[in-house]
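Student: Got a structure for you, questions after.
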Amino acid sequence: MAVGIFDSGLGGLTVYDAVHKAMPDQPIVYFGDNAHAPYGVRDADDIFEKTTFAVERLWDAGCDLVILACNTASAAALRRMQESWLPEDKRVLGVFVPLIEALTERNWGDNSPPREVAVKHVALFATPATVSSRAFQRELAFRAIGVDVEAQACGGVVDAIEDGDTILAEALVRSHVEALKRKMPNPEAAILGCTHYPWMEDTFQSALGPDVKVYSQASLVAASLGDYLERHPAMRGPGQESMFLTTGDPKRVSDHATQFLRRRVEFISA
Ligand code: DGL
C-alpha cells in the first residue's frame, strides 16, 4: 500500500509531513537524493537521470505511485518521464498543478479554458532550473489569463537548508525577496515554488509583508494526493513498510531531518 515521495534532499519532507498528518495510516517511502542536492543548478538531462534512478528505487520498495515532491524535477523531468519513460502500471505525479489550481481557484482536474482570476501580480520563488524551465508560467497559462509573473531564482537557499544553516538561509531569503521587490514592488501573491522553502515560510512572509498571500505546496499536494488515491485506490503499491532512504550520509541527513520535523527520523542508505 505504500506511496513514494521523492525529493533531491530534505525539502520533500514538507510534503511528507503534510501527507503523514492527513493520512497517518498510509505507508510512505521517502527518498532524498541528498548526495546530489541541489538539483536546481543541474541541467535537464542530469535531473532526468537522477530522478528516474530514484523513482526506480521507490518502485523496488513497492511504491507504484510516486510524488515528485521536487519542483525542479517536476519542471525539468516530469513531462519527459510521462511521455517516453513511464510503464503503464506506474504513476508519477508532480507538485505544480495542485498549487496552480489553488492560485487560479480551480477544482481538481478542471480543464476548462483559461480565464481571468483574482490575482494579477504573482511573485514566484524557485530554484534556477525551475525558473529557467518556465514550467510554472506554462501551466498557469493553461488556466489563467492576464496574470503577471515575476520569477526570482533563489540561488544558495537549498544548499543552506541542506546544511542545516538556517541563519544563512534566512539572510538569503531576505535578499531574494528584496531583489524580487525591485522588479515587482507590490505582488499580491507569492508562490514558494520549491519544497525546501516552506521551512523558511515565516521569513518569506515577514520579508514580503502581511498583505502578500504566500502559497506553499505541502498541504495542497497532500489534499490532492488524498483525492487521487480515492479515485485510483489500485495505485497504492504492494509495499507495506514506511522508510526514509537517502543517497547521502544517513546519520547527517537524519540529524537535519530531525531538526526540521522536530521529531526523530532515521534515514537508511538508499
Ligand atoms: N526541493 C526541490 C524543489 O522543490 C529541490 C531543490 C534543489 O535540489 O535545488 O525544487
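Keep in mind that glycine also has a Cβ here, set from the backbone N, Cα and C atoms.
The model shown is predicted, which means the values in this text are computed figures rather than measured ones.
These came from TrEMBL, pasted as-is:
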{"type": "BINDING", "residues": "Asp7, Ser8, Tyr39, Gly40, Asn71, Thr72, Thr195, His196", "note": "substrate binding site"}
{"type": "ACT_SITE", "residues": "Cys70", "note": "active site, proton donor/acceptor"}
{"type": "ACT_SITE", "residues": "Cys194", "note": "active site, proton donor/acceptor"}
Student: For substrate, with binders Asp7, Ser8, Tyr39, Gly40, Asn71, Thr72, Thr195, His196, what's the maximum Cα separation in whole Å?
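Tutor: Farthest-apart Cα atoms in Asp7, Ser8, Tyr39, Gly40, Asn71, Thr72, Thr195, His196 are separated by 12 Å.
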Student: Could you state the whole-number distance in Å separating the C-alpha atoms of Ser8 (substrate binding site) and Cys194 (active site, proton donor/acceptor)?
Tutor: 11
Student: Within 8 Å of the Cβ centroid of the substrate site residues Asp7, Ser8, Tyr39, Gly40, Asn71, Thr72, Thr195, His196, which other residues of the same chain have their Cβ?
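Tutor: Surrounding the site, in chain order, are Gly9, Gly11, Gly12, Ala37, Pro38, Cys70, Ala73, Thr127, Thr130, Val158, Cys194.
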Student: Could you find out if DSSP has Thr72 (substrate binding site) as helix, strand or coil?
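Tutor: Its secondary structure by DSSP: helix.
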Student: Ranked by the number of other Cβ atoms within 10 Å of their own Cβ, which of the active-site residues Cys70, Cys194 ranks first?
Tutor: Cys70
Student: Would you count the other CB atoms within 10 A of the CB of Tyr39 (substrate binding site), including those on all shown protein chains?
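Tutor: The answer is 28 other Cβ atoms.
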Student: Please report the Cα separation of Tyr39 (substrate binding site) and Cys70 (active site, proton donor/acceptor) in Å, rounded to an integer.
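Tutor: The separation of the Cα atoms works out to 9 Å.
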Student: Using C-alpha positions only, work out which of the binding-site residues Asp7, Gly40, His196 is nearest to Cys70 (active site, proton donor/acceptor).
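Tutor: Nearest candidate: Asp7.
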Student: If you count Cβ atoms within 10 Å of the Cβ of Asp7 (substrate binding site), leaving out that atom itself, what do you get?
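Tutor: Its Cβ has 31 other Cβ atoms within 10 Å.
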Student: Only counting partners 6 or more residues apart, tell me which same-chain residues put their Cβ under 8 Å from the Cβ of Thr195 (substrate binding site).
Tutor: Asp7, Gly11, Gly12, Thr14, Val15, Ala69, Cys70, Asn71, Val95, Gln217, Ala218
Student: Report the same-chain neighbours of Gly40 (substrate binding site): residues 6+ apart in sequence with Cβ closer than 8 Å to its Cβ, ordered by sequence.
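Tutor: Result: Ser8, Thr72, Ala126, Thr127, Pro128, Ala129, Thr130, Ala153, Gly155, Val158, Cys194.
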Student: Just how many other Cβ atoms lie inside 10 Å of the Cβ on Asn71 (substrate binding site)?
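Tutor: Around Asn71 (substrate binding site), other Cβ atoms within 10 Å: 35.
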